[in-house]
Amino acid sequence: MPSSIVTIQKKDDHTQKLVIVPPSNGLTLTGNVSIPGDKSISHRSLMFGAIAEGETVIEGLLVGEDPQSTAKCFRQMGATISPLNPEKVIVQGIGLGNLQEPTNILDVGNSGTTIRLMLGLLASISDRFFTVTGDDSLRSRPMSRVVEPLQQMGATIWGRNNDSLAPLAIKGQKLQAIHYMSPVASAQVKSCILLAGLMVDGKTTVTEPALSRDHSERMLKAFGAELEIDSQTHSVTLTGQPTLRGQNVIVPGDISSAAFWLVAAAIVPDSELLITNVGVNPTRTGILEALEMMSADITKENERIVAGEPVADLRVKHGKLTACTIEGSIIPRLIDEIPILAVAATFAEGTTVIKDAAELRVKESDRLKVMATELGKMGAKITELPDGLEITGGTTLNGAEVDTYTDHRIAMSLAIASLMAQGETTIHRAEAASISYPMFFETLQQVISS
Ligand code: S3P
């Protein structure tokens with residue numbers, strides 16, 4: 001494998017640029033890929049471990065920048081968390097309601113999941129004061145979606161722009177139970193309210209317009225909370241004041257990280273990859289259904305349940321892709337995979353339409369705009385819609401200078417697109433990938449054979 005296909009260069013401003021030069025006779029991707037732990041489950045295992053009684057042992061944790069931010073914040077509030085590594089992390093919980101007032105600002109970095117879930121916990125701890133901030137991207141993301149329901153529960157939260165942007169200041173206090181009808185299908189919103197509901201007397205209910213990922217519900221139950229799920233109405237009800245006890249958590253591989261390899265092998269001729277130990281929780285498998293609609297050749301092998309979460313190995317082979325329409329209730333189940341699906345659509349026959357995905361505008365970047373401009377620079381026929389994208393496949397991509405806008409999923413999506421481009425692609429601010437997948441580019445080198 002010629003090492004010159006993928007190179008990472010450090011720039012003077014401490015960012016990194018990734019240069020990809022596929023050989024003129026093409027390349028293929030083969031082998032086994034073991035993906036890092038699920039980001040959503042990793043955050044929750046650290047947080048729930050910190051507020052439980054006793055010890056939580058986590059195997060398979062994602063050692064990426066986002067979980068590092070969560071661990072740092074909870075250490076500042078008194079939890080003992082061993083150094084993060086994928087083999088074993090030990091969290092000594094301090095018990096529900098016992099998070100200490102930190103003596104400094106809590107910095108969540110780039111992590112929306114950390115700030116939104118943590119706000120529910122902080123707002124409900126009486127008489128303690130917290131300030132929370134994050135990086136440039138985080139400070140531009142809407143917090144009103146969690147601040148407003150918390151205020152309905154009685155929370156006191158201040159922030160920029162009418163309490164809607166971080167930095168936020170929180171004066172914890174006793175909250176009241178509510179039934180919250182969430183206008184968005186968001187696991188971050190749902191989880192924030194449920195976590196606030198832990199400290200409340202009585203039952204807190206969240207109803208969503210469509211089902212979002214249910215990792216909080218599964219893990220809170222495993223830690224001892226009482227939850228009722230109404231799958232007809234997408235509602236979950238939590239009974240306040242449970243005793244949470246530390247658990248052994250095994251984090252499966254992240255299907256959102258697997259998605260890059262699924263699309264890569266599907267679009268690069270003669271490729272075949274086996275992606276092992278992938279979490280296939282039905283609230284996350286929209287990507288498999290979308291790729292199936294696009295006629296991708298993907299098979300599930302070795303399906304099993306690991307610590308309450310469904311897991312499988314995924315085998316993907318190159319094949320002809322066809323366009324499809326992705327809309328409605330599948331969107332929350334593939335919300336983080338839309339950038340890489342846009343890459344798949346670029347190589348599919350026909351016009352793929354993605355709708356009902358306006359949420360992408362408030363992720364780590366405006367992912368609709370960024371994918372349209374950056375893939376467009378490479379020659380893709382891609383149009384930004386108010387709530388989605390329209391992509392006509394079959395164009396030849398050319399190498400270009402593109403930017404990640406510091407968004408990890410954009411970095412990896414553009415890297416996969418560049419494997420099929422003619423000539424050299426330079427991806428600026430490629431270091432963003434380490435938010436959720438620190439070894440992504442090294443693994444890419446390893447699976448390339450030409
Ligand atoms: C996440 C939920 C999703 C997702 C994010 C992680 C979580 O956000 O995009 O990467 O862990 O709960 P929303 O809940 O805002 O859709």
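Glycine is treated like the rest: Cβ placed from N, Cα and C.
What TrEMBL says about this one:
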- Asp336: active site, proton acceptor (ACT_SITE)
- Lys39, Ser40, Arg44, Ser186, Gln188, Asp336, Lys363: 3-phosphoshikimate binding site (BINDING)
- Lys39, Gly112, Arg141, Gln188, Arg367, Arg409: phosphoenolpyruvate binding site (BINDING)
- 28-444: domain 'Enolpyruvate transferase' (DOMAIN)
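Largest CA to CA distance in the 3-phosphoshikimate binding set (Lys39, Ser40, Arg44, Ser186, Gln188, Asp336, Lys363): 19 Å, whole number. Less than 6 Å separates the Cβ from ligand 1 in the case of Ser40, Ser186, Gln188, Asp336, drawn from the recorded positions Ser40, Arg141, Ser186, Gln188, Asp336 in sequence order. Across the structure, Ser40 (3-phosphoshikimate binding site) and Gly112 (phosphoenolpyruvate binding site) place their CA atoms 11 angstrom apart. Within 10 Å of Asp336 (active site, proton acceptor), counting CA to CA, the binding-site residues Lys39, Arg141, Ser186, Gln188, Lys363, Arg409 contribute Lys363, Arg409. In sequence order, Gly112, Thr113, Arg116, Leu117, Arg145, Val146 are the residues near Gln188 (3-phosphoshikimate binding site), counting only same-chain partners six or more apart with C-beta under 8 A. Here the C-alpha separation of Lys363 (3-phosphoshikimate binding site) and Arg409 (phosphoenolpyruvate binding site) works out to 10 Å.
In three-state terms derived from DSSP, Arg367 (phosphoenolpyruvate binding site) belongs to a helical segment. Residue pair Arg44 (3-phosphoshikimate binding site) / Arg409 (phosphoenolpyruvate binding site) shows a Cα separation of 20 Å.
Most Cβ neighbours within 10 Å, among the binding-site residues Ser40, Ser186: Ser40 holds that distinction in the structure as shown.
It is 17 Å from the Cα atom of Arg367 (phosphoenolpyruvate binding site) to that of Ser186 (3-phosphoshikimate binding site). If you draw a 10 Å sphere around the CB of Arg409 (phosphoenolpyruvate binding site), it holds 29 other CB atoms from the protein chains shown. Put simply, Arg141 (phosphoenolpyruvate binding site) is 14 Å from Ser186 (3-phosphoshikimate binding site) when counted between their Cα atoms. Taking the C-alpha positions, the distance from Arg141 (phosphoenolpyruvate binding site) to Lys39 (3-phosphoshikimate binding site) comes to 19 Å. The most densely surrounded of the binding-site residues Lys363, Arg367, judged by C-beta neighbours within 10 angstroms, is Arg367. The Cβ of Lys39 (3-phosphoshikimate binding site) has Leu62, Gly64, Asp66, Pro67, Thr113, Asp254, Ser256, Ser436 as same-chain neighbours under 8 Å, each 6 or more residues away in sequence. Around the Cβ of Arg44 (3-phosphoshikimate binding site), the number of neighbouring Cβ atoms within 10 Å comes to 25.
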